[in-house]
Amino acid sequence: MKLPVTYKIEDKDGKARAGVITTPHGEIETPVFMPVGTQATVKTMSKEELLDIGSEIILGNTYHLYLRPNDELIARLGGLHKFMNWDKPILTDSGGFQVFSLGSLRKIKEEGVYFSSHIDGSKHFISPEKSIQIQNNLGSDIVMLFDECPPGLSTREYIIPSIERTTRWAKRCVEAHQKKDSQGLFAIVQGGIYEDLRQKSLDELSQMDENFSGYAIGGLAVGEPREDMYRILDYIVEKCPEEKPRYLMGVGEPVDMLNAVESGIDMMDCVQPTRLARHGTVFTKDGRLVIKSERYKEDTKPLDEECDCYVCKNYSRAYIRHLIKVQEVLGLRLTSYHNLYFLIKLMKDARKAIKEKRFKEFKEKFIQRYEGKE
Ligand code: GUN
């Protein structure tokens, strides 16, 4: 069976990879940062702006789009690409992660997850079959398995049965997938901070490998210490099939991203850059900058003096600080634009460094400066 999403490695430097993912809506150069468009919009960003910052793929979310405006409505209107006027690749998360984040509002059973909507308390049920059906209706290029993402510090006793259920759910997802020719399915490896349990999860999922266009590493950056995340990445990523893309879910901190790339990760996403932006925190080569601070009141410099994004070429810290302080919409737009540009550019620079076989040096130089140790 020919899979609808394929990957080709172009260059390697250590374990870091530069490659190209091919999807029904075009190619993606990796490593890549994927902006999150939970509700069929990357918050504050128009399609034109997304293209302008070099986004090659964006995310959508099953849970949110099922609740509002509903996946069947989106299907009637021609699918998610048409609905949001985005004709490049889209990846949809399965809803598992969002449903599990509801805490007391949800109940996990073998058949699926019962939950109350965070919007109006109405009762719903998402099963592996339902999640895939919603993602089939949305028509994303990459569909994620419906998995359980246990909290970062879960015990082995909790995680073992959870992995086994996630594997049983994976089989049901594979069977339910109606659009195997046009939507690639990605597996999600769980297992918390335990190497052997990560291996168990990968071994079980690998039995269905012919159905998967890629492998995600889930259940990281969910409360565990950073060192544990790095240790697990270093252990498990290289064991995933070499010829398929590897996706680290929910990571969008520059230093973590470079360390993940060093372990062999190709794709990442996170709400962090846009969320931080809306609270007035921006990324710069010298670390995070809190633009609301008094010290930027009369600062005519751009957010990041070395950044060549549209915001940094046109607006001062003093102006953006003012906009954020008085809660003007333009302030949120400018900081969101800059933060997304920063992460997308970081991955493009990493790709170039991998191709030129100087990734380690590039990473170390970036981190030293970002963490203020230069
Ligand atoms: N987003 C961040 N982590 C996860 C995860 O473990 N599973 C899913 N489905 N989405 C995520």
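Just so it is clear, glycine is given a Cβ too, placed from its N, Cα and C backbone atoms.
Together with ASP93, SER94, GLY95, GLY96, PHE97, ASP147, GLN190, TrEMBL lists one candidate of GLY121, GLY214, GLY219 for binding substrate, that being GLY219. Record check: TrEMBL places CYS307, CYS309, CYS312 at the Zn(2+) site, and the matching candidate among HIS322, HIS338 is HIS338. Checked against TrEMBL, the range among 124-128, 174-178, 274-278 recorded as region 'RNA binding' is 274-278. As stated in TrEMBL, the feature region 'RNA binding' covers range 250-256 out of the listed 103-109, 131-137, 152-158, 250-256.
Residues near GLY219 (substrate binding site) in space but far in sequence (CB under 8 A, at least 6 apart, same chain), listed by position: CYS149, PRO150, GLY152, GLN190, GLY191, GLY192.
Other C-beta atoms found within 10 angstroms of the C-beta of CYS309 (Zn(2+) binding site) number 22, with every protein chain shown included. Under DSSP, residues within the region 'RNA binding' (274-278) fall into helix, strand and coil as 5 helix, 0 strand, 0 coil.
Closeness to ligand 1 is met by none of the binding-site residues GLY95, CYS312, HIS338, no Cβ falling under 6 Å from the molecule. Annotated Zn(2+) site CYS307, CYS309, CYS312, HIS338; additional same-chain residues within 8 Å of its Cβ mean position, judged by their own Cβ, are PRO302, LEU303, ASP304, ASP308, TYR310, VAL311, LYS313, TYR337, TYR341, PHE342. Within 10 Å of the Cβ of CYS307 (Zn(2+) binding site) there are 19 other Cβ atoms, across all protein chains. Sequence-distant neighbours of GLY95 (substrate binding site): residues of the same chain at least 6 apart with a C-beta under 8 Å from its C-beta are ASN61, THR62, TYR63, TYR66, ILE126, SER131, ILE134, PHE146.
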